[in-house]
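Let me begin by presenting the structure, written as structure tokens, before commenting on it.
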Amino acid sequence: MSPSVFKISPGINSYDWGKKGSASLAAQLATTSIPDFSIDEDKAYAELWMGTHPNNPSRLSDNTLLSEHLKSHPELIGSSVSSKFEDCKDGSLPFLFKVLSIGTALSIQAHPDKPLAKKLFDEKPDVYKDPNHKPEMAIALTPFLAFLNFLPLSVLLLHLLTVPELQEFVDSSLTESLASSLGLPTSQPPDTSLFKPTESPATAEQKDILKQIFAALMSADKKLVEEAISKLIKRYQAKRDIKENEKSLVDLALRLNDQYPGDVGVLCVFLLNVVELKRGEAAFLGANEPHAYIEGDIIECMATSDNVVRAGLTPKLRDVDTLVSMLTYEAAPGNKQLLQPTPFQKGDDTTKLYDPPIAEFSVLRTELSKGMKTSHRPVEGPSLCVITEGEGVVRNGNDRSEFVRGDVIFVGAGKEVEWEAIKGLEMFRAYVEA
């Protein structure tokens, strides 16, 4: 019989985009939860992984794989979850839980839906490593900046009319077609008061025009892109001819060009929403939606997959054709991507629920002042908890375990647990229920 609540050791990934040394929150937490881990101040630490994904699986204190332990003790996953998710019978969790520390921008990317994931896995298993989809949710731990989906079409059109370096890659007939579909003029100079963002969903015709615009930019000749970006950067550095609609994007374009000189992703500041999340705010990214994390520390939860289709801001393989063909081409204000938390339990404001519209996971955020307690109702599936601030005690029946910042705790299915803060506590708990 296995205990229902126990600590596990996560894995840590070092990628170039991670924050360096002790500046990385992922690395700070790893010093507690990964045996013999010490921070190298010259190394970038990007991700703390919690879960059963084979690329960096979590382990128990005796070094047993968490997946092996769960396979031997299926009651920890619970029968309803095992019935719903076939892989759970092998001890796999249907979600992957992470802490990300982002120092430089990640690639402009999207994740495939299930049918496309299977097709890509069948055709290119060396690139796309599994046949699963990867919807994901990000919760800000520090101020977090990201590209999230396409701009409202009226705003995107204004950029097409005013940014000469963008105009080089988009045929004027596409700009005219987009303007016509929106009932907006293309006269110069544009009357900016007409180009207000709206939440009206894009029509099929507008989505097709947007697809052609995005394809034209992302597949443009590399040398021509570099020359256009060089002109843009010189213009911005000289603070010359900057239109009102460009002003908020200047610093970001300069920063992205510093990180990825001459990369087509720099021009995506004119196509994608730039969204800043404050601590505790969350965004949900469904399949086939373009995004790129730019800076900050986040909690991230996703379906168990490592599939990424990239097309910009990256030295890695770019699969432009796949990305262009797969996107939904929804276009709306960035706040449409935000996910509002709700109380997890009536009358308890210590724990908020982030509940995206998918089956594989939900996430709780619990905050307790020193000496406070809260109980979480039994969850009919497995949970992973990471302590991001403070220290305390968790109780399950007669079992009691102390924890500190950085600890990662597994909670088995169907168990009520009580949390008590010894020091002001912040904890995130990812779980699945069927």
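Placed from the backbone N, Cα and C atoms, the Cβ positions cover glycine too.
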Which residue of Glu86, Glu136, Glu276 does Swiss-Prot report at the same Zn(2+) site as Gln109, His111, His291?
Glu136
Arg310 (active site) versus His291 (Zn(2+) binding site) - Cα distance in angstrom:
10
Rounded to the nearest Å, what's the C-alpha distance separating Glu136 (Zn(2+) binding site) and Arg310 (active site)? Just drop the number here, would you?
16
With DSSP as the yardstick, break the compositional bias 'Polar residues' (181-191) down into helix, strand and coil residue counts.
2 helix, 0 strand, 9 coil
Remaining residues near the recorded Zn(2+) site, that is with C-beta within 8 Å of the centroid of the site residues Gln109, His111, Glu136, His291:
Ala110, Lys134, Leu285, Glu289, Pro290, Val308
